[in-house]
């Protein structure tokens, strides 16, 4: 079109096309010139003197041109043509390559180009349909009008018109009484075209500009000729456009309603699914049934980690998306002047937030319970193993003691044997007293296992009870044997003192070695290297310091045995058998001593391995702390930066959105650091590390901060999107928006109400982030509002529906846009329906289906109530109550 407006048609014109355009343009010009009582016969000849050309322009523009020159000389003709061309240029048309001399010389191609330029400017350019104009507007108008007709698909201004059905459909759409469209056939293009040409010329005053044979026999009919002829139909039917405009308004309103209903249904569905997931998850987290083994509890902990890593994050995103959808829906409802959306009972955003808060509380309690149970089971396993070890040692010591104490060997023993039995019994009593502490330790461990609710407490109690009963029996048997030996003590002689001394000294030393072996093999559980160094290693070093003194005692005991051998050798005494006063032999002492010496380095190695383990744990603590001490402040810094971006009023909303999107991408890219910290945290828990003095940040702190950061960036982006939606929907210019968001040094109360109200709002907002009612009243008064108490209470109910006592920025913007912008109202929709119904108070199903697209027509039919009135035909619908219901003024 730009090519044509600037001059002659692009590319060479064939003779056939020139002739078609000559015929079409001549008929078009005559359709206007006849209003002035004249016409042309030859288009390139009759416009040469410029007189009829100027007359044509006066008719189609309804304006007066300068007075033409009356002479017949060439320069007079050129002057007249130039006046016509200057008038065309004054209408905003730039003519290229078309000069007055060429028109005066009768150049057919240039003359046709000039006429086409006139047609475009005065017949086509001003056509406007649904925000499209000129050629595109004319094409859209044809598509809209012919859409309901079979075998018609208008996509262009050439081949789409070859079969004549499109022209017949245009006529039938506006004047169904002129053509019976049902009798037309697609295989009769000549008949269809001639029918349209004849009806248009006879009844619509549109002259025949085209030839049916030229259109049918040409592979691609001339676009300019078709456009010229079709534009005449547009202007002929321009009066019918009022009904089409009304139908478009109704379609727009209904489309908004349908979209809002779809968003409401999606919100209800998402809310129900999220609440159902929370309802199913909470009982699982509230289950506090403890497992009996550490492995089972570790599996519970792993299941909980899987819930945190896999199942919960998508729900966090769904919750955030649900809030965004709700805010977007409410914004669209406000912008379309619809009532606010009220979700079903229990599905408000606050209800979902409360349910989520309850879930997180239960989740936190479940994690604390898991860790407590793991510590308890760890302690139980340690105590159970210690009980088993001590019980085994005790059983080993008591084996055969009851049988020994029950013997009556003293009845047939000699004097020396009786004395030996007496001393042996005294040594046993000493050993028995030494074992009393071990029995008490076993009982204490059993009691602690019961207090910690050990799962196999019955077995522990049974074994402990058996040990206690056996110990009591040993005490009774020991007392009875002593009494028996004392009764025959007078019969016995003094026994060998050296054997007695050996027995007395060997017994406690043997008991000491048993205790040392038990301590050297004792199990331990620690959580830091400080305890290993200060308690275990110190105690072990102290024990090793006593070894020289113990070795002296061993040498002394062995010296007694050597003294016996020496005396026997000196006096020729033959020593036969074992020491009668003790079951211990020098070899037993030596063997246990060697065992003790072997256990010492083993204990050293065990402690060093524990030191290495605790050092590894300390490295894990420092590794976790190093990352946490970076990630924690980073999250806090990003929260502050996002907050600053959201309140920054220096740039446009698009700049804010770009900055927020950049922050969002940076946050997404930072996710790998959170995952690495999760990995270090898992290693720490697997190493049973439950404290970390190197950082104040726990994994729970980082998780909560991360989730808040994700939620904050998503909500902030949604708020800016809603502000952009509000700005675009209400037609607020960029300059106005800059005024809303800038601080003023002074204001003009008379010339700029918006500037004044925004000055007040920003002035008070800088003080406390909100505007209280008194400041808001002052702002309205300064804008010229006449405020009584009732009127101010009505306005406060609009900007503060929840009675919070403050006016937010979003509420302020919504109020001002409602006050200044024009929106569709129920009355406007009623007026549109009234046009479609030909001023009736009701509308029929046939009228709705004829004037509206199928989807919108069926939407109205399904929701409109039947019209109640005596003058309406059956099946009539009430469009007045339907229009009111669209804006919440009544119920459908």
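Note: Cβ is positioned from N, Cα and C throughout, glycine not excepted.
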*Which residue range, 253-280, 281-308, 309-336, is the one TrEMBL calls coiled coil?*
253-280
*Name the residue range among 597-624, 625-652, 653-680 that TrEMBL annotates as coiled coil.*
653-680
*Please spell out the DSSP helix, strand and coil residue counts for the domain 'Calponin-homology (CH)' (132-238).*
65 helix, 2 strand, 40 coil
*Cβ under 8 Å to the coiled coil (653-680), counting only same-chain residues 6 or more beyond its ends: which ones?*
309, 620, 623-624, 627-628, 630-631, 634, 638, 641-642, 645-646, 699, 702, 706, 709-710, 713-714, 716-717, 720-721, 723-724, 727, 737
*Can you tell me how the residues of the domain 'Calponin-homology (CH)' (19-123) break down into helix, strand and coil by DSSP?*
71 helix, 1 strand, 33 coil
